[in-house]
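For reference, the structure is listed below as structure tokens.
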């Protein structure tokens, strides 16, 4: 009798466990199905611990992370499921390349200009850029590609409201956010920035053999911008399907730029002038950082100069031919010890490109840098103040905008320009090899 009672209890318990298991399995199955059928998680919050500052051109600064005490190398952490889901989603979105604000008949093709905006995590400035685009004449003809290295609900919401031009979003697949605890992010086994090489070798940190030119070890947040820029350059020219046979120009912007309402009007006239009077010009730029109070007498003039990274890195426009010459310099770009993409380009004009770059640039700028604060500046970020100053300048000169013709104002002597100095931050062989690999990625 005791044996039969015990058997009955075991049977009942088994049935209860089986029923609970079935309920849990059904619940998970429904969730998986919901995830599979639901829209992409473009409005999801960023991965934990992924907040990083944007990097601008300037001198490399010591971050608070560098002051961490020395600790022995630790085992590599496991990747959490949320991070893996984001990696998978980024891959899928980059493959799908869903265009918005175009017809569904499959006949749409880009015009003579495409904009590519490198976006990090400054939505307050991105909002200003989008507002300036909205005011630009002819913008409905221009494809705008937003290239992201940070995923946030606020940023994606901003871009979802762009209804005035064709839009494509792509995502840098090797961001710190997608690799928060391993390379290309910050691996806990990496050497601390200021550790001497001998001490690093004794400690056994994984990049001990590869400090930069100043004896410092890599900091992921400084390395990311150069990685993103080079990946984006290759991806838009080689992997964006709608641009496979594109013969126009691509204008490269950043999230803290601001465009004049006649930028597209002026750009088209610059391109025509380049073809007619400056066939030797390699690139176009929409402006410099020089402070201008009045457009009087200069609104219809452009100059021919030697390209200089500290002056002509805003609104840089490249043809496919210029891109192909750049990509042939992949090894030089990817191994030059400077974490700034533009100062590295300056080095390429001396060390690798067939000749120094000749740039066509307007005397009255059609692009402005609204984000003159942040990592390399001590100013407080006040986007509304900066945008008000730019709008005031444009309003006070609106009678000079949209010139009927453009003429070359000055042709400056062409002379090689060396980078002011090498900033370092790019000595790690892992950065070199990842950077080189973008050319091989499908």
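Positions of Cβ are set from backbone N, Cα and C atoms, glycine also.
Taken from Swiss-Prot as is:
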type	residues	note
DISULFID	191-205	disulfide bond
DISULFID	278-281	disulfide bond
DISULFID	329-352	disulfide bond
DISULFID	334-435	disulfide bond
DISULFID	373-381	disulfide bond
TOPO_DOM	1-9	topological domain 'Cytoplasmic'
TOPO_DOM	30-442	topological domain 'Lumenal'
TRANSMEM	10-29	transmembrane segment
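Spatially, by CA atoms, the disulfide-bonded residues 191, 205, 278, 281, 334 include one closest to residue 352 (disulfide bond), and that is 334. In the structure as shown, the Cβ atom of residue 435 (disulfide bond) sits within 10 Å of 23 other Cβ atoms.
There are 22 other CB atoms within 10 A of the CB of residue 281 (disulfide bond), with all protein chains counted. Residue 435 (disulfide bond) falls within a helix when secondary structure is assigned with DSSP. Sequence-distant contacts (6 or more apart, same chain, Cβ under 8 Å) of residue 278 (disulfide bond) comprise 304, 358, 360, 408. Residue 281 (disulfide bond) falls within neither a helix nor a strand when secondary structure is assigned with DSSP, and so counts as coil. For the pair residue 205 (disulfide bond) and residue 281 (disulfide bond), the Cα-Cα distance reads 47 Å. Looking at residue 191 (disulfide bond) and residue 281 (disulfide bond), their Cα atoms lie 44 Å from each other. The 10 Å shell around the Cβ of residue 352 (disulfide bond) contains 17 further Cβ atoms across the protein chains shown. In this model, the topological domain 'Lumenal' (30-442) carries an average pLDDT of 88. For residue 334 (disulfide bond), the same-chain residues lying six or more positions away in sequence with a CB closer than 8 A to its CB are 230, 431, 432, 433, 435, 436.
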